[in-house]
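Chemist: OK, Swiss-Prot features for this one:
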DOMAIN    68-228  domain 'CP-type G'
BINDING   ASN117, LYS118, MET119, ASP120, GLY170, LEU171, SER172, GLY173, VAL174, GLY175, LYS176, SER177, SER178  GTP binding site
BINDING   CYS250, CYS255, HIS257, CYS263  Zn(2+) binding site
Amino acid sequence: MSLRRRGIVVSFHSNMVTVEDEETGERILCKLRGKFRLQNLKIYVGDRVEYTPDETGSGVIENVLHRKNLLTKPHVANVDQVILVVTVKMPETSTYIIDKFLVLAEKNELETVMVFNKMDLYDEADLKKVRELEEIYSELYPIVKTSAKTGMGIEELKEYLKGKISTMAGLSGVGKSSLLNAINPGLKLRVSEVSEKLQRGRHTTTTAQLLKFDFGGYVVDTPGFANLEISDIEPEELKNYFKEFGDKQCFFSDCNHVDEPDCGVKEAVENGEIAESRYENYVKMFYELLGRRKK
């Protein structure tokens, strides 16, 4: 009887699953035990599994190990972090868009690394915008400044990617694919295929895959949080996803930091401890969510 081994699901092929063995790195095409269908058990890219290899070089997945998280659209399990790629022109990423991405990452309990990309294209006015963004976010999230063209920041970014499952996020055109090519040129063909796949239309159903970095770690081939949808968040829950709000003392324990008196968050905004843009974006999202609930 073959001994069970452990691996990670990296892709699907019809009703078969490709598993990468955690010790050898070998990729095994596996089928699922009947119990998955009978018990309606789901399996996703990123799942860590136990499988039994057979004499033909294939295998059978026996169990899915503990899943720490599950992202949707696309479904990917056990993601460690979001690499949020931001540009200040071509296209410009507003602080509102940045904060929406960050809310989704916080809701999913994911670490975030902010990447200011296309640094080689910026003039002095653009660099001023970069410095303003740094002032807002540098105490909240790690920031890496990059250029796929010059190689700036690529080695630093690799250190964040090493040994983790990452998903890239950011507006279309910020250079996610180009960054991946610069980080790991061996991904180039696959990344270009993914770019074409994504451009076929937002309603195209795609199955995510994990692309492996030569230096260790994986990246999901489909950007995370592509539709920036926050409608499943309750208005009263939103404050939990602005990390700098957490230690502020308010008179009311259930303060939403909007129109309540004696609010520690509003006081912190007035004192310059919390960036005005962060607070304004919070209030805008709060009323958006409140409006949807009333419909």
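Placed from the backbone N, Cα and C atoms, the Cβ positions cover glycine too.
Can you walk me through where each of these features ends up in the structure?
Modeler: Cβ contacts within 10 Å of LYS176 (GTP binding site), excluding its own Cβ and spanning all protein chains shown: 24.
Neighbours of CYS255 (Zn(2+) binding site), defined as other CB atoms within 10 A of its CB across all chains, total 20.
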Chemist: Any idea what the model's mean pLDDT is for the domain 'CP-type G' (68-228)?
Modeler: 87
Chemist: If the Zn(2+) site is taken as the center of the Cβ atoms of CYS250, CYS255, HIS257, CYS263, which further residues of that chain fall within 8 Å of it by their Cβ?
Modeler: LYS248, PHE251, PHE252, ASN256, VAL258, GLU260, ASP262, GLY264, VAL265, LYS266
Chemist: Between the Cα atoms of CYS250 (Zn(2+) binding site) and SER178 (GTP binding site), find the distance and write it as a whole number of Å.
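Modeler: Distance between the two Cα atoms comes out at 45 Å.
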Chemist: Quick one: of the binding-site residues CYS255, HIS257, CYS263, which has its CA closest to the CA of ASN117 (GTP binding site)?
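Modeler: Of all the candidates listed, HIS257 is nearest in space.
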